[in-house]
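As written in Swiss-Prot, here are the features:
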- N229: N-linked glycosylation site (CARBOHYD)
- 335-354: region 'Disordered' (REGION)
- 1-24: topological domain 'Cytoplasmic' (TOPO_DOM)
- 44-61: topological domain 'Lumenal' (TOPO_DOM)
- 81-99: topological domain 'Cytoplasmic' (TOPO_DOM)
- 124-264: topological domain 'Lumenal' (TOPO_DOM)
- 291-354: topological domain 'Cytoplasmic' (TOPO_DOM)
- 25-43: transmembrane segment (TRANSMEM)
- 62-80: transmembrane segment (TRANSMEM)
- 100-123: transmembrane segment (TRANSMEM)
- 265-290: transmembrane segment (TRANSMEM)
Amino acid sequence: MALLKVKFNQKKRVKLAQGLWLMNWFSVFAGIIVFSMGLFLKIELRKRSEVMDNSESHFVPNSLILMGILSCAFNGFAGKICYDSLDPAKFAKWKPLLKPYLALCFFFNILLFFVALICFLMRGSLESTLAQGLKNSMKFYRDTDTPGRCFMKKTIDMLQIEFKCCGNNGFKDWFEIQWISNRYLDFSSKEVKDRIKSNVDGRYLVDGVPFSCCNPSSPRPCIQYQVTNNSAHYSYDYQTEELNLWGRGCREALLHYYSSMMSSMGAVVLLVWLFEMSVMVGLRLLHTSLESIANPEDPECESEGWILENSLKDTLKSALESLKKIGKFNQVEAGAEGAEGEEAGKTPAITTVS
């Protein structure tokens, strides 16, 4: 029994073809939106590439760009088929291509669905990329005189100001690295010497943070040095008082920014996928309704359209049998080639009589 069998007359077939033509051009527009989202996400990720550990995060935007291009190509082609299906003479040239095209559409929709899922599932990978990337970037904050790293101070400062964050996981991350360049340290000072000697790696560590960690909304002037020294500041207790530094780490801030963006994009891609599935189903109904016309010379006659010629169970069974036959045929061919090779390798023995 056919799955989703529908009866069509000429009027219904024309309406279906016209509706599908319109839907395909809407799908082309949806493909442009998916392409644009991928391009936008790629640009946003490139802006912060210095604070990311690897290029794996670009898999999502690259996938969106590819799906957008394929969507425009497939739906533009389908729109042409639907337009020509109103004319039997024009439709005849497309008829042999419809089955392979529908198979390609099916695989395209599977890929589109997986891309939508990846948009929701990339959070874990993105988190580890940001955590390691920010950690490495903060180490280079002081290298303002080193070629290739001189821009890192500005990058980190602008990042902390824009996203209202401080450090990787919090402001205390700055206590663990030397973020002040040796160029600006007075090595004749006893305090500087003592701090460097007290550190195993010979680094100048302070309980201070860069100016970009300061919250301008705080009524108190920014305390960015001796943050944990209560006696260094009047009426101050860093453990109980709300600090005038950003409390959120930049990893969390960036992760929230990109995750919310990708989740929104994933929702849009899912909607596009549902629309693409409805277009594919409609195109299959149009294809089968035109193929099942009893008398091609009488376009007014009724016909039947369906999604699957047999039930889902029977279709899967026949598909598995076809795959088994292909596998057996390949084995037989391989065996025949092997036998031919063995025969060719045998050379006839020639006996000479003296």
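Cβ from N, Cα, C; glycine included.
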Starting from the Cβ of the residue listed as 'N-linked glycosylation site', draw a 10 Å sphere and report how many other Cβ atoms land inside it.
12
At least three Cβ pairs under 8 Å linking the transmembrane segment (25-43) and the transmembrane segment (265-290), pairs spaced 6 or more in sequence?
yes
Per DSSP, the residue listed as 'N-linked glycosylation site' is which: helix, strand or coil?
coil
Six or more residues out from either end of the transmembrane segment (100-123), which same-chain residues have a Cβ under 8 Å from its Cβ atoms?
57, 59-60, 63-64, 67, 70-71, 74, 77-78, 81, 255, 259, 262-263, 265-266, 269-270, 272-273, 276-277, 280, 283-284, 287
For the topological domain 'Lumenal' (44-61), what are the same-chain contacts with Cβ under 8 Å, counting residues 6+ beyond its ends?
38, 115, 118-119, 122, 125-126, 128-134, 136-137, 151-152, 155-156, 159, 250, 254, 258, 261-262, 265
Limited to the topological domain 'Lumenal' (44-61), I'd like the whole-number average of pLDDT.
83
